[in-house]
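A.B. asks: Annotation comment: Swiss-Prot describes Asp13 as active site, proton acceptor. Summarising the annotation, Swiss-Prot assigns active site, proton donor to His41 and lists sequence analysis as the type of evidence. If you look up Swiss-Prot, you'll see Asp13, Gly40 marked as Mg(2+) binding site, on the strength of sequence analysis. Positions annotated as IMP binding site by Swiss-Prot, on the basis of sequence analysis: Asp13, Glu14, Gly15, Lys16, Asn38, Ala39, Gly40, His41, Thr128, Arg142, Gln223, Thr238, Arg302. Annotation source Swiss-Prot lists substrate binding site at Thr298, Val299, Thr300, Lys301, Arg302, Pro303, Arg304.
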Amino acid sequence: MASVVVVGSQWGDEGKGKITDFLSQEADVVSRYQGGDNAGHTIVFNGQTFKLRLIPSGIFFHDKLAVIGNGVVLNPKSLVEELQYLRDKGVNPDNLRISNRAHVILPYHITLDGAQEKAKAGGKIGTTNKGIGPAYMDKAERIGIRVADLLDKDTFAALLKRNLAEKNQIITKLYDLEPLKFEDIFDDYYAYGQTLKPFVTDTSVVINDALDNGQRVLFEGAQGVMLDIDQGTYPYVTSSNPVAGGVTIGSGVGPSKIDNCVGVLKAYTSRVGDGPFPTELFDEVGDFIRETAHEYGTVTKRPRRIGWFDSVVLRHAKRVSGFTHLSLNCLDVLTGLKTIKVCTAYDLNGETIYHYPASLKELEACKPIYEELPGWDEDITGVKTFEELPTNAQNYLRKLEELVGVKIATFSVGPDREQTNVIDHNIWG
């Protein structure tokens, strides 16, 4: 038995899909445990680029299972479209498994998501308007519709009628929008459910059986620790728990079955949407990194905010997720910069602090304390080992390890799988 959790250590978009795809070569099961189609991941496979929102990267290997766990909120329409997208590109998705306990996103969730965000005016949190938050709200309120409910025609009809009666009161009276009609939703979404039915099962049983039989399971998180609803920059967060602890709840697997946790990070920092970002760059260096790395959201297409590497963020992420290894991406993006800054701590009203504050007011007052390191000009995109890196690039990686307190197991010098280089071969234990 062996299991590894892949967790984003910043604000998402760290390249989790790339390292998950890399690690999945040695996995038997690849499982996603939270989030929805609000976060995309980009995977390059056999020379083709795939942009997926819901389906785990294990889908590309027919000798592996790709699992969508119970902690995911599932838009049936999006998933059916994603399955067709894969088929159109020559990928057979028959190795997909979907939890019968996963909650379903319906049109009223999307309508409410947009209306609620619009009503917040200056207090917007940067939602993707995919209905994720309202779906998780229904789950917590115990009125959500699960995949198991979607598959039963009578059950789905009864629950949809009940929920629409309540949601339309909010949609029409609070937000002054047109009500949604039962007949505009029921037939289409029941049909989506029937299309997905062959993939639906109790995924907790699937995963635990695999582990009990000595197979390797890779758990794939969406977003990142700093977007975690409990540990992130609340309220500028997602509605679920991307931290490693989310695996046990979102997959139906006990904590004793989790072996290692890989924190994925960029060689710098990026963020989409509003919220605190102490090391954010507003100059030509930020523009250079954004354009060099094509830093635009996979789903939203929004330009990402760019900043220097922040070790305060990484230490926080390490602490709350228990990283055993780091996987660093985009090292090549920094090539050409004369000087590279690394945030070692914050100055909070004259006091040096090393831990990430919970208070937004304190975060606004925090000023990053930087250490400057010399950059490099050499092309590193063809590098295959740590030793082949320029000395300054080696020193940069060692500095990050020192500041975070976790060793880097892999580093990437480009988007292709072949550009992922391994330092520590014992991620699987």
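The backbone N, Cα and C atoms fix where each Cβ goes, and this holds for glycine too.
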A.B. asks: Checking the spread of the IMP site as listed (Asp13, Glu14, Gly15, Lys16, Asn38, Ala39, Gly40, His41, Thr128, Arg142, Gln223, Thr238, Arg302): what is the longest Cα-Cα distance, in whole Å?
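C.D. replies: Result: 34 Å between the two most distant Cα atoms.
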A.B. asks: Write down the Cα-Cα distance for Gly40 (Mg(2+) binding site) and Arg304 (substrate binding site), rounded and given in Å.
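C.D. replies: With distance taken Cα to Cα, Gly40 (Mg(2+) binding site) is 14 Å from Arg304 (substrate binding site).
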A.B. asks: Provide the three-state secondary structure of Gln223 (IMP binding site) computed with DSSP.
C.D. replies: coil
A.B. asks: Tell me which residues of the chain lie with their Cβ under 8 angstroms from that of Gln223 (IMP binding site), as long as they are six or more apart in sequence?
C.D. replies: Gly8, Trp11, Gly12, Gly35, Ala39, Thr238, Ser240, Pro242
A.B. asks: Around Thr128 (IMP binding site), which of the listed recorded positions (His41, Thr300, Pro303) come within 10 Å, judging by Cα atoms?
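C.D. replies: Correct set: Thr300.
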A.B. asks: Select one residue from Asn38, Thr128, Thr300: among these binding-site residues, choose the one with the most other Cβ atoms within 10 Å of its Cβ.
C.D. replies: Asn38
A.B. asks: Find, for the listed recorded positions His41, Lys301, Arg302, Arg304, the residue with the lowest Cβ contact count at a 10 Å cut-off, counting only other Cβ atoms.
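C.D. replies: Checked His41, Lys301, Arg302, Arg304; of these recorded positions, fewest Cβ neighbours within 10 Å: Lys301.
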A.B. asks: Between Thr300 (substrate binding site) and His41 (active site, proton donor), what is the CA-CA distance rounded to a whole number of Å?
C.D. replies: 12
A.B. asks: Rounded to the nearest angstrom, how far is the Cα of Asp13 (active site, proton acceptor) from the Cα of Asn38 (IMP binding site)?
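C.D. replies: Computed Cα spacing between Asn38 (IMP binding site) and Asp13 (active site, proton acceptor) is 12 Å.
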A.B. asks: Of all the recorded positions given, namely Asp13, Lys301, Arg302, which is spatially nearest to Gly40 (Mg(2+) binding site) at the Cα level?
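C.D. replies: That would be Asp13, nearest by Cα distance.
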